[in-house]
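**Student:** Following this message is one structure expressed as C-alpha cells.
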Amino acid sequence: RPLSQVQGAVDHWELNTCIQFKEVPPDYPKTFVRVVKGYGCSSNSVGRLRKDNRGHQQLSIGVGCGTAEAIHEMGHVLGFEHEHGRSDRNTYITMYSRSYNGWTPEQTQHHTRNQVPYDFTSVMHRYPAIPSTCVTGKSKILMPHNPYNIRLISHRKVLSWRDIKAANLAYKCIDKWRAHHPHSRACYNEGYTGKDGKCNCPPGTRGETCQIKYADYYPPLTCGGNVTEATTIQPNSSYRQERCMWWIQAPDCNK
C-alpha cells in the first residue's frame, strides 16, 4: 500500500495534469516506480532510468518527509530537475555551491522546464541557504540577482502555476485537451487550454482568454523597500502574517 505522503503527491499531480499513476505488481515487466521507506526524501533518478522501458526507479520516503517533499521528489521521478538547474538560471541567480546542481548552463541546455519562464515559487526550487556545520548559522547556496526574490523561495507545499504548465507541456496534456476541445479559444499572457477547454490563467491575469494583465506573476511586497541611507526599519502595520523585506544598499565605499 502506498505511503500516505506518496498517495497525496500522486493525487496532487493527477489533479493538475493528465498524468495518471496505477499500482502494479513487483514483477511488472516494464518501468515502474518503487516506493521504499528510507531515510529522508529522494529519487534515485530524474526521469526514466533505461531507454528499453524496463527496470524501476526508486522513490525513498523517510522520517520527516511530508506530502510537499513527496510532490517535489515525484517531480524528479517524472523528469524534472531543480529549477535552479535550468540553462537560463544565470540570468536570475548566482550559484555559490556545486553540491546542489552545480553544473554549468551548457550542460542543461535541453532542460524541460525552459518551456516556461523561470519560477522562484516552483516546488522544484531549492532554498537559498542550508544549515552549516559552523556555529555561525547557514551557508549560502544561491542568491537571486534581485534580492527581493529571496522571499519567493519558500517552503512551498504544492505545485506552482508554472510547475503545472511545464508538466502539462512536457507530457503533451495541453495538446490532448486542445484536440478534445477543437473550438477552444487561444490563451494569452502565458495562459493555456485546460482540461475543460477553457483558458487556465496565471496569477496576475484574468478574462476568458487571460487577456487582462492586472498584476505581476509574483505577489507584491506588502511592506519594505530599498534603504539607501541611515533610517529606522519597521513594519508598516500590525498584521502578524505580513511579509516584509528591505534591501539595504550602502553608498559607494560604505558597508
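Each Cβ is built from the backbone N, Cα and C atoms, and glycine gets one as well.
Feature table excerpt (TrEMBL):
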type	residues	note
DOMAIN	1-174	domain 'Peptidase M12A'
DISULFID	C18-C173	disulfide bond
BINDING	H72, H76, H82	Zn(2+) binding site
ACT_SITE	E73	active site
**Student:** Please give me the CB contact count at 10 A for C18 (disulfide bond), counting all chains in the structure.
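**Tutor:** 15, counting other Cβ atoms within 10 Å of C18 (disulfide bond).
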**Student:** Quick one: which of these recorded positions, H72, E73, H76, H82, have their CA within 10 A of C18 (disulfide bond)?
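**Tutor:** Qualifying among H72, E73, H76, H82: none.
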**Student:** Per residue, counting other C-beta atoms within 10 angstroms of the C-beta, which of the binding-site residues H72, H76 reaches the highest number?
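**Tutor:** For the binding-site residues H72, H76, the Cβ with the most other Cβ atoms within 10 Å is H72.
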**Student:** What is the pLDDT of the domain 'Peptidase M12A' (1-174) when averaged and given as a whole number?
**Tutor:** 81
**Student:** Other residues near the Zn(2+) site, CB within 8 A of the CB centroid of H72, H76, H82?
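**Tutor:** Apart from H72, H76, H82, the close residues are S43, V46, E73, G75, F80, E81, V123, M124.
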**Student:** How many other Cβ atoms sit within 10 Å of the Cβ of the residue listed as 'active site'?
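**Tutor:** A 10 Å sphere around the Cβ of the residue listed as 'active site' contains 21 other Cβ atoms.
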**Student:** Roughly how many Å separate the Cα of E73 (active site) from that of H82 (Zn(2+) binding site), to the nearest whole number?
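**Tutor:** Between the alpha carbons of E73 (active site) and H82 (Zn(2+) binding site) there are 10 Å.
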**Student:** Are there residues of the same chain, six or more positions away from C173 (disulfide bond), whose CB falls under 8 angstroms from its CB, and which are they?
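**Tutor:** For C173 (disulfide bond), the qualifying residues are T17, C18, I19, A167.
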